[in-house]
Amino acid sequence: MVSSRCSNLKKKKQIVSKESKAKKPIASRGKKEKKDPNKPKRPPTPFFVFLEEFRKTFVAENPHVKAVAAVGKAGGDKWKTLSDAEKAPYVAKANAKKVEYEKSMKAYSAKQDKASDDAEEGSDANEESEEEEEDDD
């Protein structure tokens with residue numbers, strides 16, 4: 001009796017799983033835009049500024065530990081124990097990098113706008129020359 005119940009349960013689970021798979025709409029994946037290699041990288045957070053420095057000291061103290069996860073975990077634990085005053089230099093460095101990033105993004109955006117304006121002007125000039133050719137006919 002117990003074995004028949006188990007087999008019935010397995011059949012029901014299979015049926016339910018088939019139904020749930022059938023009902024899910026298939027998500028169409030659009031093509032991702034390619035990243036522009038000239039675009040500036042986003043600035044690091046204060047934690048990542050701290051982690052750069054911490055990683056050097058951790059590896060020097062623990063040369064046998066090769067796992068990246070171990071370094072990250074130790075860095076996270078250390079970051080949690082730091083007071084706001086101890087975190088302040090890392091916050092200042094991160095803010096400086098953020099300001100630098102914003103400047104470079106403005107320059108990058110200006111280049112992109114100029115390039116798109118040039119492309120639009122070129123297409124406008126082509127349209128005007130085509131219209132002139134049509135008028136001549």
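Indices start at 1 and increase along the chain as displayed.
Cβ atoms are placed via backbone N, Cα and C, with glycine included.
Curation plays no part in TrEMBL annotations; they are all automatic predictions.
Annotation comment: TrEMBL describes 40-109 as DNA-binding region.
The feature compositional bias 'Basic residues' is assigned by TrEMBL to 23-32.
The compositional bias 'Basic and acidic residues' annotation in TrEMBL covers 106-117. Listed by sequence, the residues of this chain that lie at least six past the ends of the compositional bias 'Basic and acidic residues' (106-117) yet keep a Cβ under 8 A from its Cβ atoms are 38-40.
The compositional bias 'Acidic residues' annotation in TrEMBL covers 118-137.
Per-residue pLDDT, averaged along the domain 'HMG box' (40-109), amounts to 95 for this model. Marked as domain 'HMG box' by TrEMBL: 40-109.
Sequence annotations record features per position, and here TrEMBL assigns region 'Disordered' to 1-46 (among others).
Annotation source TrEMBL lists region 'Disordered' at 106-137 (among others).
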